[in-house]
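Enquirer: One structure coming up, written as structure tokens, with questions to follow.
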Amino acid sequence: MFGSIRERPVMTEPKICRLFKENVRNLLLANETLGRKFLPAAAFTNYSTIMTGGCRGYAENFMKWPEDLIIGGITKKDGIIQTAEALQTVFMMSSAAEVYERYASSHGESTLARVNWSIENAQSVLTAWQRNFSNLIYDYANNTSENRQVHPMSGTSINDMLEMFSELNPTVMIVGYVLMVFYASFSLCSTDDGGVASGVGLAVCGCILVTISSLAGLGCSMLLGVKFNPTTTQVVPFLSLGLGVDDMFLLLHNYRDIARQYQVDQIGMLLKETGLSALLTSVNNILAFLVGALLPIPALRSFCIQVALVLLLNAITILTIYPALMTFDLARRKRRLLDVFCCIRAPQPKSRLNSRAEPVSPYEKVNSGQMNKNNNSNSVSKSPVGDNEPRKRRCHLTGITVENFLKYIYGPLITRTPVKIGIVVFNLVLVALSIDGVTKISLGLELTDLIPKHTAPYGFLAAREAYFSFFPFSAVLKGPMDIPHKQRLIRDYRSAIGEIDYVIRHDGQPSEKYWLSMMTEWLVSLQQKFDEDWQKGYINRSGVISTLVSNDAKLAYKLLCNQGDILDCGRVSNFICNFSLEFL
């Protein structure tokens with residue numbers, strides 16, 4: 001058990017064997033007399049008859065395997081199995097305490113002292129053995145056939161898989177956050193006013209604030225004792241980033257307009273117009289996840305609590321720290337410094353320079369006309385005052401920004417009548433498909449939905465769902481109950497469960513034994529041992545009189561003498577003859 005597992009060498013067969021092995025095998029199987037000389041006895045075993053109705057393991061009194069538990073995808077003829085597509089084998093392992101006691105009693109104290117033998121070390125040995133056994137079967141050289149595949153899974157497989165996916169993948173995190181920063185920077189980048197009106201710096205700072213607040217939220221959840229799980233490392237960071245930047249974009253969208261329209265108290269006006277909307281959005285999201293925390297599933301409850309804490313800190317950060325950063329950006333705008341490159345000053349716009357050199361009153365601007373080519377001083381140009389405005393708009397098209405795309409391409413496109421009709425028809429089709437899909441929803445969450453494909457546990461669970469769609473359940477008796485006098489009622493309750501159509505049965509009873517039946521069998525075995533030793537004279541009413549008496553007989557004698565707090569061995573002879581243990 002403490003040694004390493006050796007991989008079995010791959011056996012190569014000559015080419016002539018590969019060519020004729022099937023023909024030779026069929027010939028030997030057709031001639032039983034000849035076949036028994038060369039083939040093993042198992043080649044002539046009628047497994048279809050043996051497996052029909054289930055079979056027994058090497059411990060026949062305990063390992064009684066019903067047919068539905070070990071064989072899947074079967075076809076029968078006259079009640080006999082003809083073909084099967086799947087076979088399930090279960091290996092029962094000892095517990096850590098049993099392994100510890102076994103080696104503690106069979107090895108010297110000096111040997112165990114060197115390895116610091118304990119129950120924890122025994123559990124580590126069992127875990128390592130299960131993991132190595134599963135890997136050995138999964139990576140076995142001959143486990144590559146399309147017609148036959150072995151899917152191993154041990155008690156450590158799911159735990160190892162969950163532990164692996166509970167670890168944070170820094171590469172995925174960095175790529176996701178870099179893409180978000182790139183998108184925010186691209187959407188807020190602008191060349192208006194020589195680059196002064198651009199918001200790339202605020203976008204980058206906002207993403208950084210959301211990241212820091214998300215980490216702070218996860219830290220608070222850890223301090224509160226909320227357990228981490230795969231959803232914490234795989235879902236929460238990206239969900240918090242997506243929901244956190246929502247308020248940031250909402251503030252930035254109005255910030256650019258307010259910075260152009262107002263000259264004083266811009267941040268106050270921004271929070272007045274947009275702060276309430278951002279606050280209500282965050283509160284709504286937080287309350288939604290807090291309601292989800294009421295779910296009875298621990299993993300989902302932890303997930304909802306963690307997201308709620310992260311969103312709470314995101315809201316506080318965006319509504320307090322982010323406006324403070326905007327004041328620095330306003331100071332940059334007033335000093336006409338470029339976005340991001342704050343050490344470079346942008347040139348003054350031409351319109352402002354012209355207005356300073358040749359000031360023109362609005363009255364003069366309206367009444368000043370352009371002379372036409374025929375020198376008619378009284379004629380005024382028929383072009384409107386803003387004749388050069390379309391040119392400016394056409395010039396704006398040269399700047400590839402999200403704002404220009406929405407303003408000059410997407411906006412005019414969706415206002416056309418054919419596009420409107422197409423949008424309405426498309427949404428009606430979506431509604432119809434949604435209604436049809438709702439009627440076909442199947443509730444449930446399988447383990448295969450949580451485990452990646454192309455792994456050993458996924459192959460095992462997928463095969464089990466396809467061929468062995470069963471699951472264990474327990475019926476627990478609760479409340480005050482007089483069990484000694486209600487044994488018959490408990491037995492009837494157990495039998496009623498066994499009569500359900502979808503309960504797997506063996507010999508007309510549920511396949512798994514329960515505590516009362518096992519205790520009854522144990523007491524009957526003690527009584528039988530006691531009767532045997534009584535007949536042999538190894539024990540009498542006064543107690544043990546021979547060293548040959550069995551331990552079971554000794555225990556039975558003590559139980560017979562025991563009446564709670566009183567010892568009365570005088571009633572021992574009353575339980576010797578005509579004894580039968582029945583349900584009361």
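Cβ coordinates come from backbone N, Cα and C, glycine included.
Features from TrEMBL:
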{"type": "TRANSMEM", "residues": "168-188", "note": "transmembrane segment"}
{"type": "DOMAIN", "residues": "169-328", "note": "domain 'SSD'"}
{"type": "TRANSMEM", "residues": "200-224", "note": "transmembrane segment"}
{"type": "TRANSMEM", "residues": "236-255", "note": "transmembrane segment"}
{"type": "TRANSMEM", "residues": "276-299", "note": "transmembrane segment"}
{"type": "TRANSMEM", "residues": "305-328", "note": "transmembrane segment"}
{"type": "REGION", "residues": "352-392", "note": "region 'Disordered'"}
{"type": "COMPBIAS", "residues": "365-385", "note": "compositional bias 'Low complexity'"}
Enquirer: By a Cβ-Cβ criterion of under 8 Å, what residues six or more beyond either terminus of the transmembrane segment (168-188) are in contact with it?
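Expert: For the transmembrane segment (168-188), the list is 198-200, 202-204, 206-207, 211, 233-234, 237-238, 241, 245, 248-249, 252, 401-402.
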Enquirer: If we skip the immediate neighbours and take only residues 6+ beyond the ends of the transmembrane segment (236-255), which ones have a Cβ under 8 Å from one of its Cβ atoms?
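Expert: For the transmembrane segment (236-255), the nonlocal Cβ contacts are 173, 176-177, 180, 184, 187-188, 199, 202-203, 206-207, 209-211, 213-214, 217-218, 266, 270, 273-275, 277-278, 281-282, 285, 303, 306-307, 310-311, 314-315, 318-319, 322-323, 326.
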Enquirer: I'd like to know the mean pLDDT over the domain 'SSD' (169-328).
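Expert: Averaged over the domain 'SSD' (169-328), the predicted model reaches a pLDDT of 84.
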